[in-house]
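**Student:** For reference, the structure I am asking about is given below.
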Amino acid sequence: MPALRKHPQTATKHLFVTGGVVSSLGKGLTGSSLGQLLTARGLQVTMQKLDPYLNVDPGTMNPFQHGEVFVTEDGAETDLDVGHYERFLDRNLSGSANVTTGQIYSSVIAKERRGEYLGDTVQVIPHITDEIKSRIVAMAAPDEHGNRPDVVITEVGGTVGDIESLPFLEAARQVRHEVGRENCFFLHCSLVPYMAPSGELKTKPTQHSVAALRSIGIQPDALILRCDRDVPEALKNKIALMCDVDIDGVISTPDAPSIYDIPKVLHREELDAYVVRRLNLPFRDVDWTQWNDLLKRVHEPHETVRIALVGKYIDLSDAYLSVTEALRAGGFFHHAKVEMRWVASDDCELDSGAAAALADVDGVLIPGGFGIRGIEGKIGAISYARKRGLPVLGLCLGLQCIVIEAARSVGITGANSAEFDPATPDPVISTMADQRDAVAGEADLGGTMRLGAYPAVLEEDSIVARAYQATEVSERHRHRYEVNNAYRDRIAESGLRFSGTSPDGHLVEFVEYDAEQHPFLVGTQAHPELKSRPTRPHPLFAAFIGAALDYKAAERLPVEIPEQRSNGVELLQEPASRG
């Protein structure tokens, strides 16, 4: 591996990613991909998202509006872009990686009430911007091992010109002034639309976007030109001239075949080389060993497997972003392409509906969610799959639905969750003791669930222990309800096994059927998808995809469960690329 080139020691560098013209240009993926490139050059990189909405966090936001809530190890409910950061950087981030306007104003108002401003008139400048700056600069603090990041990449949410983003942009401008221009870099993402009638690419939106950014005191150092095709050199030269950006900093980023190709696109345009030169960073050549192996698995699969995701929020795929990425990573482990079948849970309430939706799939995933809508459909999908030996993986609410279905199968006909039916005679899923006030409306809903990483102990001979190759694991959680221990013995009569619990044995963390009864029907109260990486697939997802591939390869029996079938777990080994 090439050694780092020697340069004088410098302070942590700050790189800000902004966006203009329209939203959804891929600022998060651009920043994540650049972070991956800098990491592959031997640099320590961390990332942060500044969100301009007034919510304190996305924990209580509608999934149809916001997408998934990404939970960090320390229990913060954050924006889904933080998931991209973790997956591309292959490192865990904390709650400080996501800052919202709601957090900033809450903190400033609390300080004012405590008298910390000593009678000052509290204003956006300096008090709000100072609070934002303190969150940005805090990202440069040493980690638990004493290592200070070389680069902090901060994505500023929203679009330049939006009133909500102005305090964050002003704070970023002030950071550049305070840490020094040589230690700060602004990367602006803009749209270059193609006008089909005239057959032209238009640069005027980008010029106007940069003009708006310059009007508030920020001159971008580089431009990411988003387009459905390559931007010709002549247009790049024009944009460089009109926007006063070095030609080396004008980066064409046409649509890529997959999100994992974006680092290659940026590297081809030499953005990473330009950044390390401008910031005078120590660096080595990019080590592509791991990423090239990933891209080979992405683009050259040996086989295909079809997975049904039976969910409530399928109209917005971002509501299940980490789940779908974890499934794809599980496929990469087996050199397989995962085809997603999006199934509305309501469609599976009747066995005929489940048969129509699931007849030609190789596995069923039941993701998390809240509320009663679609629950009977999730349970119906589990019942259909259980009777046919179809592999199932249930996450959080998915585990609870597996337990309800098992209870009903042994005659507990009223089995339900206290969440869906508070008056149920058989609450096999009950409210956690410390969550009752929140459920009753007597405490805040936001930030009060069982959140973050918790340990679990697995039974040695279980499917999940073989998948993890361990009996002590830690996973991230986000829930208020748990398996009711009073029903464990009766539910076990169905053959469902409580194969993992909290260390004290009180809280059920994993359930499964023995392989002799079903090849792979596993549920976890956790959200293991949050810890999956494209280069290090989560073992539970890799095992699930392995079982689905086995199911596809075997003769499908319409009703009878096969006596023996490999569950794919024994295939799990550390691939050379996982490092």
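Glycine is treated like the rest: Cβ placed from N, Cα and C.
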**Student:** Which one, LYS133, LYS238, LYS264, is listed by Swiss-Prot in the same UTP site as SER23, LYS202, THR203, LYS204, PRO205, THR206, GLN207?
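**Tutor:** Answer per Swiss-Prot: LYS238.
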**Student:** In Swiss-Prot, SER24, LEU25, GLY26, LYS27, GLY28, LEU29 are given as binding ATP, so which of ASP81, ASP90, ASP120 is in that site too?
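**Tutor:** Record source Swiss-Prot; matching candidate: ASP81.
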**Student:** Which state, by DSSP, holds ASP81 (ATP binding site): helix, strand or coil?
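**Tutor:** Once the DSSP labels are grouped into three classes, ASP81 (ATP binding site) ends up as helix.
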**Student:** Can you tell me the CA-to-CA distance separating ARG480 (L-glutamine binding site) and LYS238 (UTP binding site), as a whole number of Å?
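**Tutor:** Here the two Cα atoms are 56 Å apart.
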**Student:** The record names SER24, LEU25, GLY26, LYS27, GLY28, LEU29, ASP81 as the residues that bind ATP; what is their largest Cα to Cα distance in Å?
**Tutor:** 13
**Student:** I want to check the contact list for LEU397 (L-glutamine binding site): same chain, sequence separation of six or more, C-beta distance under 8 angstroms. What comes out?
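**Tutor:** Non-local contacts for LEU397 (L-glutamine binding site): ILE366, PRO367, GLY368, GLY369, PHE370, LYS378, HIS479.
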**Student:** Measuring Cα to Cα, how many Å separate GLN207 (UTP binding site) from GLN400 (L-glutamine binding site)?
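**Tutor:** Between the alpha carbons of GLN207 (UTP binding site) and GLN400 (L-glutamine binding site) there are 53 Å.
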**Student:** Which are the residues of the chain, GLY369, LEU397, GLY398, LEU399, GLN400, GLU419, ARG480 excluded, whose CB is within 8 A of where the CB atoms of the L-glutamine site average out, their centroid?
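**Tutor:** Here the non-site neighbours turn out to be GLY368, PHE370, CYS396, CYS401, SER417, ILE429, HIS479, TYR481.
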**Student:** What other residues of the same chain, not counting SER24, LEU25, GLY26, LYS27, GLY28, LEU29, ASP81, have a CB atom within 8 A of the CB centroid of the ATP site?
**Tutor:** GLY19, THR30, GLY31, GLU155, CYS189
**Student:** Would you mind checking how many other C-beta atoms are within 10 angstroms of the C-beta on GLU529 (active site)?
**Tutor:** 30
